[in-house]
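J.: Encoded as structure tokens, here's the structure I'll be asking about.
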Amino acid sequence: MEVLDVLNLGEIAQYFSKMAMFPVFDVAYYIVSILYLKYEPGAVEVSRRSPVASWLCAMLYCFGSYILADIMLGVCPIDYFHNNSHILLASAVWYLIFFCPLNLFYKCVAFMPVKLVLVALKEVVRTRKIAAGVHHAHHAYHHGWLIMVITGYVKGSGVALMSNFEQLLRGVWKPETNEVLNMSFPTKASLYGAILFTLQEAHVLPVSKSTLICLFTLFMVSSKVFMTARHSHGSPFALIESWVCHVLFGSPLGTEDAHDHHHAAPAAAPAPLSPAKNKEELSEGTRKRKSKKAE
């Protein structure tokens with residue numbers, strides 16, 4: 001405790017939890033979100049063919065979590081759009097990423113060192129949104145733990161949960177990409193973070209809110225930056241989830257490996273044909289050499 005007092009970690013966490021997100025952190029959030037939109041197949045073509053549809057998709061990527069959370073809590077779903085500064089800022093980012101001459105802005109923000117910084121700033125915003133969602137639900141439903149968890153979860157990963165609707169705006173329908181069925185790391189982390197913040201709001205978790213925000217932000221930033229740098233789509237929770245599902249639900253261990261193996265098996269089937277093919281090629285080469293000698 002004396003070491004903590006000397007380092008003033010409590011004061012640092014308090015300052016960090018009250019730090020304003022606008023405009024620096026919010027700009028980073030918008031840039032990374034719309035950058036991921038541009039990575040989607042056909043997104044660039046849609047922006048040229050129908051800029052309005054592309055802009056709507058970008059707004060869903062930036063504000064989808066607020067829209068979905070407001071719908072759940074009975075608030076007008078377009079309530080957040082009264083923040084003109086945020087809408088203009090997100091629209092400017094969308095225009096620069098998709099329509100900047102020579103793609104200069106996109107190349108700058110997609111440059112890996114810059115992208116890692118932006119990803120780190122985005123995770124700061126994600127943690128703050130999860131905490132705000134749980135706090136908002138706590139005021140409306142003091143003892144509704146499940147509602148707090150769901151609201152925080154939606155605030156942290158609402159964009160991914162609305163991905164199917166966003167795809168419809170681009171003329172794409174991929175029901176197999178349902179985020180609830182195949183959760184990505186940010187979605188899982190948002191769920192676990194919402195549970196932690198709910199326990200803190202219920203005074204079950206013996207830690208201050210500012211400290212929890214600081215610690216969870218450090219975890220999210222370090223994990224997401226590491227995964228982005230390595231181009232990894234895995235999850236740090238995979239091993240724990242595998243054992244928990246095996247114990248509680250009887251799921252087989254190593255399901256993903258077996259799944260990949262089964263899918264890879266048909267591709268490996270033609271392998272035995274290669275020796276015959278090599279023999280045919282060798283015999284053909286031999287015949288050519290003999291014919292040359294005969295000539």
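For all residues, glycine too, the Cβ spot is worked out from N, Cα and C.
Not measured: the values here are computed from a predicted model.
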J.: Quick check on A202 and H143: does Swiss-Prot annotate them with the same topological domain, i.e. the same side of the membrane?
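T.: According to Swiss-Prot, A202 sits on the same side as H143.
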J.: Among 109-126, 145-162, indicate the range for which Swiss-Prot gives the feature transmembrane segment.
T.: 145-162
J.: Please list the DSSP helix, strand and coil residue counts for the topological domain 'Lumenal' (228-236).
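T.: Each residue of the topological domain 'Lumenal' (228-236) counted once, the result is 2 helix, 0 strand, 7 coil.
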J.: Should anything in the same chain at least six residues away from the transmembrane segment (145-162) have a Cβ under 8 Å from its Cβ atoms, list it; otherwise answer none.
T.: 33, 60-62, 64-69, 72-73, 126-127, 129-134, 136-138, 179-180, 184, 186-187, 189-191, 193-195, 197-198, 201-202
J.: Same chain only, please: residues at least 6 beyond the ends of the transmembrane segment (211-227) with a C-beta under 8 Å from a C-beta of the stretch. Say none if there are none.
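T.: Distant contacts of the transmembrane segment (211-227): 9-10, 12-13, 16-17, 116, 119-120, 122-124, 126-128, 130-131, 185-186, 189, 193, 196-197, 200, 205, 233-234, 236.
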J.: I'd like the per-state residue tally for the topological domain 'Cytoplasmic' (38-51) from DSSP, helix first, then strand, then coil.
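T.: Output for the topological domain 'Cytoplasmic' (38-51) reads 10 helix, 0 strand, 4 coil.
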